[in-house]
Amino acid sequence: MTVATGDPADEAAALPGHPQDTYDPEADHECCERVVINISGLRFETQLKTLAQFPETLLGDPKKRMRYFDPLRNEYFFDRNRPSFDAILYYYQSGGRLRRPVNVPLDIFSEEIRFYELGEEAMEMFREDEGYIKEEERPLPENEFQRQVWLLFEYPESSGPARIIAIVSVMVILISIVSFCLETLPIFRDENEDMHGSGVTFHTYSNSTIGYQQSTSFTDPFFIVETLCIIWFSFEFLVRFFACPSKAGFFTNIMNIIDIVAIIPYFITLGTELAEKPEDAQQGQQAMSLAILRVIRLVRVFRIFKLSRHSKGLQILGQTLKASMRELGLLIFFLFIGVILFSSAVYFAEADERESQFPSIPDAFWWAVVSMTTVGYGDMVPTTIGGKIVGSLCAIAGVLTIALPVPVIVSNFNYFYHRETEGEEQAQYLQVTSCPKIPSSPDLKKSRSASTISKSDYMEIQEGVNNSNEDFREENLKTANCTLANTNYVNITKMLTDV
């Protein structure tokens, strides 16, 4: 008995789920075709359908990867980092999971992601896995005049006049802080003590004389300096407010809140002193107004935080503290537990001592805090053996408690510091290597008219301009590769089908 062998196409048509009019054996064979990728001498093999999962990437787009095809060896050659390609190929094989190899630095792997054009989504996923904190976008005003004024006062590195304004602002802040400190010197208070004719009075509380300039003398040098500083602070604040892109977001910025805190005490103090009536002294209200004015004037010391607007170091420190709030909270919580435990222990250990310096547990809180932070003032010391043992354990526990979150805080500081320095270096490099016709680029014009900008966006704009020249060279390289393939006639069929 003889059984005739049918055509494979007929057998495929007879199978359920494979209609004859939709099944294409050549297309299935093409998708399962192997591709050889040579990374600096290390060969990788995969299938075309694996790369085709991400057609927008360098390896997934046949036209893009054709520039790197070597017809002599019938493979794609990339002179790139070899250890990184394990993770790049796994990205295609796993359907989008990106994991950095342990032996590959962060900056090198980031460059490989950009080279293989895995996209912004893959880059953001990689940064999140590595613990990167996304840089927030900084909005810009849509009006051209407001944008120029905003850049002038908010971005000192944007132009020469902006740097001059920043220098003037820093000088005014320093003068204000120095004046705030100098006016408390005894020599100036002694001089003011003789100025009864100009409205300066001294008040006595609990047998102690407190010198305070109750009524501000408008000829006093410190008042004149303070007034000039407030005029500059107010002018700067109002200009920023009218030029800001978002009035609601303006008051949520911590730096603007510091500006308000630096200005308000002057006007409250001035208004209180001008509104004070002479008969208030007989009503006993001067003591209350003096205490209120002292608290308000104390707020002036917060002007020193205005320097953080012009200091990268203070900004990095603030970002570090903000990112380390969880660790700082744990540190305070551990210290709180330790203070309760050791203050209770030292109180009961010293309870039988007549000359004990720990009359109660709350009184021992101060000793526990000083001991756990290894300060050790010595104003309160245990005298019994049990108390000394508790003190030793308190100091050791304090050292261990404080040392635990320190590495995390230091790591956050290093991250923000390196991100800032690398961003400045990359921005300087892009400015040097960028083409001179950048202002005429349509992409750049479009970006400049946008409502938001960030440091990463600025770098992408510059990279896009630089890539325009690279695309021209790549097209020439592609033409050269095709010419070489036609000349050598090596596997020309595979090369054309791959395209």
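Please read every residue number as a count from 1 along the shown chain.
Using N, Cα and C of the backbone, Cβ positions are placed for all residues, glycine too.
Under the heading region 'Tetramerization domain', Swiss-Prot lists 1-125, citing similarity to another entry as support.
Annotation comment: Swiss-Prot describes 183-221 (among others) as topological domain 'Extracellular', evidence class similarity to another entry.
The feature topological domain 'Extracellular' is assigned by Swiss-Prot to 276-289 (among others).
In terms of DSSP secondary structure, the region 'S4-S5 linker' (312-325) contains 13 helix, 0 strand, 1 coil. Positions annotated as region 'S4-S5 linker' by Swiss-Prot, on the basis of similarity to another entry: 312-325.
What Swiss-Prot records for 348-361 (among others) is topological domain 'Extracellular', and it gives similarity to another entry as the kind of evidence. Across all of the topological domain 'Extracellular' (348-361), the predicted model scores a mean pLDDT of 87.
The feature intramembrane segment is assigned by Swiss-Prot to 362-373 (among others), with similarity to another entry given as support. For the intramembrane segment (362-373), the residues of the chain that approach it from at least six positions outside its boundaries are 335, 338-339, 342-344, 346-347, 380, 391, 394-395, 397-398, 401-402, judged by C-beta separation under 8 angstroms.
Sequence annotations record features per position, and here Swiss-Prot assigns intramembrane segment to 374-381 (among others).
Per DSSP, the motif 'Selectivity filter' (374-379) is made up of 0 helix, 0 strand, 6 coil. Among the features that Swiss-Prot reports, motif 'Selectivity filter' is placed at 374-379.
Summarising the annotation, Swiss-Prot assigns topological domain 'Extracellular' to 382-388 (among others) and lists similarity to another entry as the type of evidence. Within the chain, the topological domain 'Extracellular' (382-388) has long-range Cβ neighbours (under 8 A, six or more residues past its boundaries) at 346, 349-350, 352-353, 355-358.
Here Swiss-Prot flags Y429 (among others) as phosphotyrosine.
Annotation comment: Swiss-Prot describes S434 (among others) as phosphoserine, evidence class similarity to another entry.
For S440 (among others), the entry in Swiss-Prot reads phosphoserine.
Swiss-Prot lists S441 (among others) with the feature phosphoserine, giving similarity to another entry as the kind of evidence.
Positions annotated as phosphoserine by Swiss-Prot, on the basis of similarity to another entry: S449 (among others).
Taken from Swiss-Prot, the feature phosphotyrosine covers Y458 (among others).
Among the features that Swiss-Prot reports, phosphoserine is placed at S468 (among others).
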### Query
Which bits of the chain, at least 6 residues beyond where the topological domain 'Extracellular' (348-361) starts or stops, bring a Cβ under 8 A of a Cβ in it?
367, 380-384, 386-387, 389-390
